[in-house]
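Asks: Let me give you the structure first, and then I'll get to my questions.
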Amino acid sequence: MFSCNTSTSGHSTFLLTGFPGLEASHHWVSIPVNLTCVVSILGNSIILLLIRTDPALHEPMYFFLSMLAASDLGLSASTFPTMMWLFWLNARELPFDICAAQMFFIHAFTYVESGVLLAMAFDRFVAIREPLHYATILTHSAMARMGAAILVRAVLLNLPGPILLRRLLFPQISVLSHCYCLHCDLVGLACSDTQINSLVGLVSILFSLGLDSFLIVLSYALILRTVVSIASPGERLKALNTCVSHLCIVLIFYLPKLGLSVLHRVEKHNYPALAVLMANLHFLVPPFMNPIVYCIKSKQIRQGLLKSFKRKRVDVS
C-alpha cells in the first residue's frame, strides 16, 4: 500500500496489474490475449472493408454493422497497447495523463458500441413491424444522424471524467486492478473526496448502458408482440431468425459486464484473478466474436467474403 501523505494531483504514476498469482507466466498468458486482439482487429477490418466495397451490403443493417466494427476497432486499439506493454515488456508504469486518456477512449468506445447495439435493435424492430416503410424510415441521412448522436453522446458523457480526475489527490504511485485504466478503478485509488466523480460516473452509466439495455429489452418485447400476431408459423420463424445475430451480440456484450459488476460487489477480493479475467472478457470477447457471429449467421456477409476471395484469386492468377 502507498500512503496518501505523498499525494499529488495530475502527476501520479499508475502501475498496471496483470493476472494476480500468474506474474511468472505472463509471457504465456499473453499468447491467447494477443491472438484475440489481433484476430479482433483483422476481423473487424475485413468487415469494414467488405461493407464499403460490396454494393450488395449497402443496406441499413450492414451500415450499423460497420459502425459496430468501427467501435470494436477503437476498443481494441484502446486496450491492446497497455496489455502488450505489460505482458511482453513487463512495463507497468503509466503517467496520469496517458491513463486518463486511455480511460476516456475505453469508456467512450464502450458507450458507442452500446448505442450501436440499440440502433441495430431499432433496425430489427422497423424491419419486422414496418417492412413496407423500412427504406423510407431508415434512410442514409437518418442513419448518419443516429451515428452522429451516438458518437456525441459518448463524448459528452465521458468528457467530465478525465477533467474531474485532475482535481483529485492520488498517491505518488498507485496500483491499478487491471492492465488498463478504468474510471471506477481510478476513483477508488484517490485520497480526496470522490462523491462528485462517483455521481458523474453513475449518471454516465445510467444514460448509456442502463438506458440502452432497457430500450433494447423494450424493442425485443415489441418485436415478440409483432411476431406473435403473424399468422404463419413459417413467417414467425423467418422474422425471429433475422434477430438471432443481433441478440447473440447483445448477450456477448452485456453478460460479461453484468458478471463483472456482480463479482466486484461479492467476491472480488477473494478471487482477484477471476475479477481480472472477467474484465478482460468484457473488453476482449465482443470485438473478437462480433465478426464471427455475423460471418456465421449472415448469408450476405459469407457471399461477400467468397466473392472477394475469388476476385483476389483471379487477380493473382
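Along the chain as shown, residues are numbered 1 onward.
Placement of Cβ uses the backbone N, Cα and C atoms for every residue, glycine included.
As annotated in TrEMBL:
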type	residues	note
DOMAIN	43-294	domain 'G-protein coupled receptors family 1 profile'
TRANSMEM	28-51	transmembrane segment
TRANSMEM	63-88	transmembrane segment
TRANSMEM	100-122	transmembrane segment
TRANSMEM	134-156	transmembrane segment
TRANSMEM	199-224	transmembrane segment
TRANSMEM	236-255	transmembrane segment
TRANSMEM	275-296	transmembrane segment
Asks: What parts of the chain pack near the transmembrane segment (236-255), using Cβ distances under 8 Å and only residues at least 6 beyond its ends?
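Replies: Residues packing against the transmembrane segment (236-255) from afar: 68, 113-114, 117, 120-121, 124, 127-128, 209, 213, 216, 220, 223, 226-228, 230, 285-286, 289-290, 293-294, 297-298.
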Asks: Are there 3 or more C-beta pairs under 8 Å linking the transmembrane segment (199-224) with the transmembrane segment (63-88), counting only pairs at least 6 apart in sequence?
Replies: no
Asks: What stretch of 100-122, 134-156, 275-296 shows the most Cβ pairs under 8 Å to the transmembrane segment (199-224)?
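Replies: By Cβ pairs under 8 Å, 100-122 leads among 100-122, 134-156, 275-296.
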